[in-house]
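To start, the structure under review is shown below, and the notes come after it.
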Amino acid sequence: MRKVSIFGATGSIGQSTLDLIGRNPDAYAVEVLTGAQNITQLAQDARRFNAKLAVTSEAAMLPALRDALSGSGIEVAAGAGAIAEAATRPTDWVMSAIVGVAGLMPGLHAIRQGATLALANKETLVAAGPLVMAEAADAGAVILPVDSEHSAVFQALTGEDIDTVERVVITASGGAFRDATLEQMAAATPEQAATHPNWAMGQRITVDSASMFNKALEMIEAREFFGVAPEQIEVVIHPESLIHALVGFTDGALMAHVGPPDMRHAIGYALHWPARQHVPVQRLDLVAMGQMTFRAADAQRYPALRLARQVMATGGYAGAVFNAAKERALDLFLARNIGFLDMATRVEAVLTQMDAAGSLRGGAITLDGVLAADAEARARVAAM
Ligand code: NDP
Ligand code: MG
């Protein structure tokens, strides 16, 4: 039996992961499940999968979790520290599906104990990519992409020599405002922004899809995962979300990964890797699909894409600042304190301020430095 832990088990990716594990329960022993607010789901899954430990990040939720699991023999814990500590438990495979930079520490602990890390939490690589990849190499830990575009690239690269790669093209659905005018985007509400045309995902990544901050994070994630140069990474809008990514090689071949918009494909690939096993996603009917279309991702409409290139060119703590400023600006948008387009304006302003203050560049990044840059960026966004 493979020992598995799922961080962010109550979320969209976490639930899809448990769906796959639940279809083959004899193959897995669930060690840790974590959540935040959704204690009912966490307790229900902890009982169903007979987890050893259930952890909520919210200290105030500990009594509720304890009540919900009383008599089960399942250990309970609460707080960010308890989540990080849970990741030090020996485990074969860890799903990193917490949303936000809160996923960084548990992912690092999982890597340090040599677990295979299935990484949905792209924030980990955006904020601290070089550090995380170096720790994984030191510990001999494997990191497998779960983000659909990166899983697609990873699959297209299997058996290939990375030196023969000319370009990596990641696709974007265009999100909620694909066909909206700039005026409509300026006036957009959180409800409008949290409606995705193709994918069912958590609220925050859905809004990030509409602003293309999600794609901006994914450009940086691609750079960290595959070591390609920023200028080799392209973004194209593909409204049907059937091709997730393409890899272009020196001989002119362009390998496209086609799949239904169902995260269980990418999760299953990371769960079963290096083998392929049956995954119950919809089989695509090419004739019924009829066509696949592509359009340019307009930098004017999507400043996040331009900012991602700036962040990659700057290096250092620019990724940590970019991610944190985005997370805080998103909080403000969801709370209706700022408009949809103000998110990018604030993120850019914070990058400019912190670069001018000399806080972004220089030397190898450290974990303390990442956490400090993250905190400062959040404070600056809120203070504007
Ligand atoms: P959800 O919002 O659906 O789930 C987030 C999970 O994290 C929940 O378990 C939530 O707990 C928990 N959580 C929230 N805040 C904290 C915190 N501060 N500390 C610890 N746990 C916390 O998100 P998604 O599943 O959509 O996304 C998860 C990650 O995967 C993100 O990094 C996202 O970018 C990435 N991803 C998601 C995709 C998708 O299809 N959904 C696709 C590609 C990447 P609770 O619900 O109990 O409050
Ligand atoms: Mg993605």
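Every residue gets a Cβ built from N, Cα and C, even glycine.
These features come from TrEMBL:
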- Thr10, Gly11, Ser12, Ile13, Ala36, Asn38, Asn121, Glu123, Gly202: NADPH binding site (BINDING)
- Lys122, Ser148, Glu149, Ser173, His196, Ser209, Asn214, Lys215, Glu218: 1-deoxy-D-xylulose 5-phosphate binding site (BINDING)
- Asp147, Glu149, Glu218: Mn(2+) binding site (BINDING)
- 4-129: domain '1-deoxy-D-xylulose 5-phosphate reductoisomerase N-terminal' (DOMAIN)
- 143-226: domain '1-deoxy-D-xylulose 5-phosphate reductoisomerase C-terminal' (DOMAIN)
- 259-379: domain 'DXP reductoisomerase C-terminal' (DOMAIN)
(Q) Sequence gap of 6 or more, Cβ distance under 8 Å: name the residues on the same chain that satisfy this around Lys122 (1-deoxy-D-xylulose 5-phosphate binding site), in order along the sequence. (A) Asp147, Leu217, Glu218, Glu221
Q) Do any residues at least six apart in sequence from His196 (1-deoxy-D-xylulose 5-phosphate binding site), in the same chain, have a Cβ closer than 8 Å to its Cβ, and if so which, in order? A) Ser173, Gly175, Ala176, Thr206, Ser209, Ala210
Q | Contacting binding-site residues, sequence order - Thr10, Glu149, His196, Glu218 vs ligand 1, Cβ under 6 Å | A | Thr10
Q. Where DSSP helix means H, G or I and strand means E or B, what are the helix, strand and coil counts for the domain 'DXP reductoisomerase C-terminal' (259-379)?
A. 70 helix, 2 strand, 49 coil
Q: Return the members of Asp147, Glu149, Gly202 (the binding-site residues) with CB less than 6 angstroms from at least one atom of ligand 2, or none.
A: Asp147, Glu149
Q. According to DSSP, which kind of secondary structure is Glu149 (1-deoxy-D-xylulose 5-phosphate binding site) found in, if we only use helix, strand and coil?
A. helix
(Q) Just to be sure I understand, if DSSP states are collapsed into helix, strand and coil, how many residues of the domain '1-deoxy-D-xylulose 5-phosphate reductoisomerase C-terminal' (143-226) fall in each? (A) 45 helix, 11 strand, 28 coil
Q) When DSSP states are folded down to helix, strand and coil, where does Ser12 (NADPH binding site) land? A) helix
Q.
Within the domain 'DXP reductoisomerase C-terminal' (259-379), what mean pLDDT does the predicted structure show?
A. 96
Q. Among the binding-site residues Thr10, Asn121, whose Cβ has the fewest other Cβ atoms within 10 Å?
A. Thr10
Q) Do any residues at least six apart in sequence from Gly202 (NADPH binding site), in the same chain, have a Cβ closer than 8 Å to its Cβ, and if so which, in order? A) Gly11, Ser12, Ile13, Val99
